[in-house]
Each structure stands twice: as C-alpha cells, then as structure tokens.
Amino acid sequence: MDGVCKSPQRLLFVLVSCFGLVQSYKNGLVSSVCGSMMPNHGANAQISSPPFTVTADKTTFKEGDQITVTLNSQTGYQFEGFMLQARQVGSSSSIGTFSVTASNMQLLTCDGVSARSVSHTSNSKKSSIQAKWTAPTSGQLGNIQFSVTFVKSDDTFWVGVKSSAVVYNGAGTTGTSTTPATVAPTVASIPGCGTTKVCFSQPNNCDPTTSTGCYFVAVQASSDQSEMRIEMFGPADGYVAIGFSDDQQMGNDDVYICGKDNNGNLQVQHAFNSGRSRPAILSLGNVTDILTAVTNGNINCSFISRNTISTASRAATTNEYYLMIAAGSSSQGNIQFHTNKYVTSTKVNLLNPSVVITSEEEFPPMVKAHGCLMLISWMATGSIGMIIARYLKGVAKGQGCFGKDFWFVAHVSLMTLSIIATAIAFIIVFVSAGDWAGGAHPVLGCLVMILSLIQPIVAAFRCEPQHERRFVFNWAHSCNAFAIKCLAVAAIFTGLALFEEYDSDGWMLKVMGGYLAWEALMYILQDLNLRAKKKDSQLCSCEPMRPETILLFLFIIGNLAFLIALLVGIGSA
C-alpha cells in the first residue's frame, strides 16, 4: 500500500481502471464476456427461477429471416442490465446479427463480428426490451435459442436464460404459437435414471433408445423443486403426456403434453386435467430448453419447467406424486382420448432419484373383473342360450316347468344371466376408469349393452306363437341377437388387444380366434344336422342321445376350454 501511495501515477492508474470497470457494466459495454455472458460483479449467478423471460415471434427460420426477440419481466420486477445473443442449440458461440432502434440498447461486437450481441446503455430500470435478429445468409445453420443474462442489481443476476428453440428449416416456414418439432436424436434417455432423476417406464426398465413399444418419462428436480427437467417418450401418432397426481385416478392433475399441432409439428403444452373432459390448456409459463423430435413413430420431448406443480387447482406443498403416462391421437392440434395410460403403483418422491418399478398388477382388479364377466356372458351363458333356442327346441318337447318347455326355460335363464353380467361389467369399468377411454372398444361395449337391454323388452311384448304376426317378432329377435353376438365378439377382440399391448406373441387373441372358429364349426354341424332331420322325417324323437344333444355337449365343453384359457390370461395380465 505504501508503494502505491508513494507513486501518484500508479494510484491514479488504479483509480481510473476501477472507475472504468464499473462504468463499463453500467453502460453495457461488456464485449469481454461474450462467451460466458457472466457479469464481473464479484457475485454468483442466481440458480432460482428468473422473473424474466425471452421469447421469439417465430418458431422456424431460414437464411436471412428476421426474428423479433422480446425480453419481459414479471409484474413487480425490473432489470437494470442485460446481454442478448443468439446461439445454435448446444453451442456457446453467437450467431447472426442484431439491429436496434431504442436508445436504451446498443450493439456489441462478439467473436470478431459486429452486432452479434445486444446490451443496455444505462442501468435505468427496464420492464421490456425488443430487438431484431437477422439470420446468416450462408453457412452451416441449425436450430437456435436466444440466450440472455438479466441483471436485477449488482449482486442479483441470472445467466443463460433461454428461449424456446427456433427451428431452422431452410424453407421459410414460420409459426406463431407452437413449439416446433426438431429432427434430432432421442432426447429422452436412460442415463441418470436412479442417480440424478426419477424414471418411470412401461414395460418396466425399457430403454427409449433401443426398445420398441416403450413409454418413458423422467423427472430431474432441483433440491428446492423450483426447477424440473422433464423427459417424455412413447409410440403415438398424436401426443404423449406426463401427469402429476395426488391419486391413481385421472382428475385434478398437473399435466404436460408433447403433441402435434395442426401443422404436424410438435408443441409442448401445460394443462390441468379435470378427469371428465379434455384437459384445460394453461399458459406454458416458465418453460425453457424445449427439445422435441419424432423418430420412427415415437414422440420425444424434453424441457425445463420452473412452474409450480399444481393439483386440485392449487399449488401443492409436497414433492410426492403419482406419475402418469398417457398417449393417444390428436386432431387439428387437440388431443383426443388416450388409448394408453400408465400410473405408478405408489407415490414417487421427485427429490429422490429412482427407477420406478410398477407391480405386475398392471390392470386394476375392476378392469379385470369387467373382462371376465364379459367373457362369461358371451362365451358361455349367452352363446349356450342362443344355440339352445336355435337348434334344441325339439328336445324334450312338451316337458318342462312353470308351464314352459325346458329349452325355453334354459334359454331365458341363460340370457337373463348374460344381460345381468353384462350390465355389472358395464358399470364397474366406468366406475374404475372414471371417464371415457376412447377407441373402438367402449363404443362396441355400449352398443352391446343397449341392444342387450332392448332384447328382453321386445320379448316381453311378443304376441302368441300362433299369431299371424309372430314372424315379425321372430325375425327381429333373431336379427338383434345376431347383431349382439357380432358386436360382443368384436368388443372381446378389441378388449383383449388392450390387455396384450406388450405381449409380442398375442396368445390371447389367437385363443379368441380359435374360439370363433370352433363356434362357427359347431353352428355348421348343428345346421347340417337340422337339414338332415328335415329330410328324414322318420327319425325317432325319443332317442336317448340325439345328435343335437351330443353337439351341444361338445359345444359347451369346447367353449369352457377356450373361456378358462382366456380367464387365466386376464388374471395374469
């Protein structure tokens, strides 16, 4: 110190240098930190969610395009200084040039190129800033992001606040409101699962980079849960979504959707799911670093969210949630009912990195009960009741109970059981799901239920067997029964397909195909026997074992064999 004091020239030099250093930041002349964008204020950058955002007015660009970039602050906040650059995604080098018109902004030279960056001219308070960026007219261009350093005060600043990615397409296509789809490698990945992030996938432990039919989500949360990196991946033609829920049912959930807009580009949306209708789309909020891709039919997204997770329409105070994956189709940018849904079996602590393994009880017991009741209704009681009414009216004719023939009592009893079981199955699956699942299966199931209820109502008002109009009822009753049977078989096929989404062998569908062939064979044999009887009028009606009775016995044994196989399959699904 004495040396400095004894040398007035040296003291003057130090004072001028310090003064120049301070002034250089107040007037925004910060070209020396173009690479790091880090203010030399002697303080560390903030890691909390910034109260400032940077947005672009376009989502795609080509050579020579101009993009308006806006820096905004949240209500109640202002910034004194800033530094703005455009950078290719994953690069630390600036690209393109800026132009400004306002007096509170200036252009800086970075990487030896003028107008590569924009900064402030004074430390006056600012709420919003706009600048125009012009893309290069040549060179190796790629997707870009606008990166900003916001200075709230000398010791409070945020570095590297990024906009959503702007896609280079070289064809001049621009967008106005959606996050574009980038053509990139898989952005959701296994590395870090269990060590730095929570991962949930179906099938368990599938790898989105190598597995087929893999649905995958990952969440990497900061220690105070103010920031989360979210990854989503799944085979879908419309969207993949992740939900944060307080329970295992859809409703009152915080949701992020990675789906196609009306131009076929991927967009990330923030939504709140009420469980009874299409999720309500919210403002995207503080979401940055968006990367999206479609690879081999798989939708693929990652982004950083600084939004608070909100369930039951209020901000949650916990870090434990059930994670949900949903996927399905979209139409004109609107998501449709999901065709695939998976939920963790327990709540997941987002601050505790783990690999979530769901129990083998993939399908809720009520869904399995629904499937079993439907199979029993239309592979056993319903099928047997129908074949008795068609081919066994002559067996034990004149004998019966309650004044009715045995065939009639058996037919009515079996069909009544079928309708009751169908109604129970219909109710419990809606109670379990809580909403409309979408797809062909529920439509077919509703048609089966409606026509099944019509059948006994019409039968209750039928005319006497000798009435001249009786044939009208007979034909209507038979045609409706045939329609119910066809729809029920189709519903079973589509239902089994839902159980077998990850069974590459698909054995239950093959068993159902075998059952269909078996039943067709039995009907053909019964019909041939009926025709033979009509030709041979001398056939004794009192034979101890008539051919139709033997065929009925075989029919029941075969149906039960197929039924038991499918019941076992559903039970172990």
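Glycine is no exception: its Cβ is also placed from the backbone N, Cα and C atoms.
The transmembrane segment annotation in Swiss-Prot covers 4-24 (among others).
The domain 'DOMON' feature in Swiss-Prot is assigned to 213-328; the stated evidence is sequence analysis.
Positions annotated as N-linked glycosylation site by Swiss-Prot, on the basis of sequence analysis: ASN286 (among others). According to its DSSP assignment, ASN286 (N-linked glycosylation site) is coil.
The N-linked glycosylation site annotation in Swiss-Prot covers ASN300 (among others). Its own atom aside, the Cβ of ASN300 (N-linked glycosylation site) has 27 Cβ atoms within 10 angstroms in the protein chains shown. Following the DSSP three-state reduction, the secondary structure of ASN300 (N-linked glycosylation site) is strand.
Looking only at the domain 'Cytochrome b561' (332-532), the predicted model's pLDDT averages out at 86. If you look up Swiss-Prot, you'll see 332-532 marked as domain 'Cytochrome b561'.
Among the features that Swiss-Prot reports, transmembrane segment is placed at 369-389 (among others).
Look at HIS370 (heme b 1 binding site): DSSP puts it in a helix. Per Swiss-Prot, the feature heme b 1 binding site maps to HIS370, HIS441.
Sequence-distant contacts of HIS477 (heme b 2 binding site), defined as residues of its own chain at least six apart whose C-beta falls under 8 angstroms from its C-beta, comprise GLN455, VAL458, ALA459, ARG462. The heme b 2 binding site feature in Swiss-Prot is assigned to HIS411, HIS477; the stated evidence is similarity to another entry.
If you look up Swiss-Prot, you'll see 414-434 (among others) marked as transmembrane segment.
What Swiss-Prot records for 441-461 (among others) is transmembrane segment.
Only residues 6 or more beyond the boundaries of the transmembrane segment (479-499), in the same chain, are considered here, and those with a CB under 8 A from a CB of the stretch are 363, 371, 374-375, 377-379, 382-383, 386, 439-441, 444-445, 447-448, 451-452, 454-455, 458, 508-509, 512, 516, 566, 569-570, 573. Sequence annotations record features per position, and here Swiss-Prot assigns transmembrane segment to 479-499 (among others) based on sequence analysis.
The transmembrane segment feature in Swiss-Prot is assigned to 506-526 (among others). Distant neighbours of the transmembrane segment (506-526): 379, 383, 387, 390-391, 489, 492-493, 496-497, 499-500, 548, 551, 554-555, 558-559, 562-563, 565-566, 569-570; these residues of the same chain sit at least 6 beyond its ends, with a Cβ under 8 Å from one of its Cβ atoms.
Sequence annotations record features per position, and here Swiss-Prot assigns transmembrane segment to 550-570 (among others).
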What is the total of other Cβ atoms whose distance to the Cβ of ASN286 (N-linked glycosylation site) is within 10 Å?
20
Check each residue in the chain of HIS411 (heme b 2 binding site) that is at least six apart in sequence and keep those whose C-beta is under 8 Å from its C-beta; list them in sequence order.
GLY385, MET386, ILE388, ALA389
Just checking, which of HIS370, HIS441 (binding-site residues) has the fewest C-beta atoms within 10 Å of its C-beta?
HIS441
Given the recorded positions ASN300, HIS370, HIS441, find the one whose Cα is closest in space to the Cα of ASN286 (N-linked glycosylation site).
ASN300
What does the structure give for the C-alpha distance between HIS370 (heme b 1 binding site) and ASN300 (N-linked glycosylation site)? Integer Å is fine.
34
